[in-house]
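Working notes, beginning with the structure itself.
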Amino acid sequence: MQRRQLVLYGAAGAGFLGLTLFVGWWRVDGPGAPEPKGQRPLPLSAMEFRLTDHEENEVGPGNLIGRPTMVFFGFTYCPDVCPTTLSDISGWLEELGDEASEMNVVFITVDPERDTVEAMAEYVGYFHPVIRGWTGPEDQIARAAEGFRASFERVPTEGGGYTMNHTASVFLFDAEGELVTMIDYHEPREFAVPKIRRALTEDVEGAT
Amino acid sequence: MVKKLRYTNALAVLLMVAGLSAPALAGSEDVVVENAWSRASIGVNRPGAAYMTVRNTGEDAVTLTGLATPLAMMPEIHESKTNSDGVSSMVPAGEITIEPGQSVALEPGGLHAMLMKLQEPMTEGETFPLTLTFSNGGEVTVEVPILGIAARGPEG
Ligand SMILES: [Cu+2]
């Protein structure tokens, strides 16, 4: 009797252990694993926001479907990271040559208070002509950031002004609006340009 | 474009101009600033940034404590950082100690001379003087070339 109970407990214990291990695997490595922090952006078709480009056109994620797309967040009062990203992107686009004109390249401001349509127009004018600048009401910018799983935060500075912390990665989507990959801030050109080429060719090969 | 300024020469010029008495210069006679550059600004409302390499060719460590320039009322050394989530932020870097024979690079996406409260626009093709001050009272002044807004390095 006692022995039988022990066996039963043993079997139940082993079963429980197995289940625990399985649940553990499911949660940590398996399909139930949480997206890593700074999760994967939604497909463009699943995003919803309305913004205005630097030429006063009403734009949204739907405008980006049909061509490969590169998107990044920033602000024009950013002295270091944003002009560096914009000039890096301009360099990548130069290297792509004619292929660059087959892409949407969009710089979305996280500082709409200062980055009006006019400010965006002036700023993007200094970089590669393919780059578009998008701005709009703060709630729409927040919705856009949410779709890309990007974050931004206003931080006061000593001089009485403010700066913005923000996601500095570049997002790459194929022509169907599916995320291809991300280019981390300051990624060397020898890595970035092949990634962009992948986004450019993915639709041609019909892979999504 | 390479700008080299011997610490002693810069100081001599500065002392002549300001008519100051010589501060103690323990061991930091040989600070060399190379490859200084900056990007043009749009107007004066946006802060500017300047980059350079600061090399300590002397025998003793030197500590960079601050910046001064007629171009900006609040020049400050900042550091941009990008965390594991890809979020970048910028903080004052504080004092920077450079060991003998070592150099510190102020470069895009890392340390930079942040030029807040510009007094005049930064115009491509012009230069401006930037003075680096050290903990022992020494100073080095370098003429920083202003390149285009989309410049990627000292070569443009
Ligand atoms: Cu800064």
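Cβ from N, Cα, C; glycine included.
Any TrEMBL annotation is an automated prediction that lacks curation.
Lifted from TrEMBL, the feature list:
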TRANSMEM  A:7-26  transmembrane segment
DOMAIN    A:40-205  domain 'Thioredoxin'
DISULFID  A:C78-A:C82  disulfide bond
BINDING   A:C78, A:C82, A:H166  Cu cation binding site
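The Cβ of A:H166 (Cu cation binding site) lies under 8 Å from the Cβ of A:F73, A:G74, A:F75, A:V110, A:A150, A:S151, A:F152, A:E153, each on the same chain and at least six residues away in sequence. As a whole-number mean, the pLDDT of the domain 'Thioredoxin' (A:40-205) in this prediction is 93. In the three-state DSSP scheme, A:C78 (disulfide bond) falls into the coil class. There are 24 other CB atoms within 10 A of the CB of A:C82 (disulfide bond), with all protein chains counted. Using a 10 Å radius centred on the Cβ of A:C78 (disulfide bond) and all shown protein chains, the other Cβ atoms total 25. Mapped onto three states, the DSSP output places A:H166 (Cu cation binding site) in strand.
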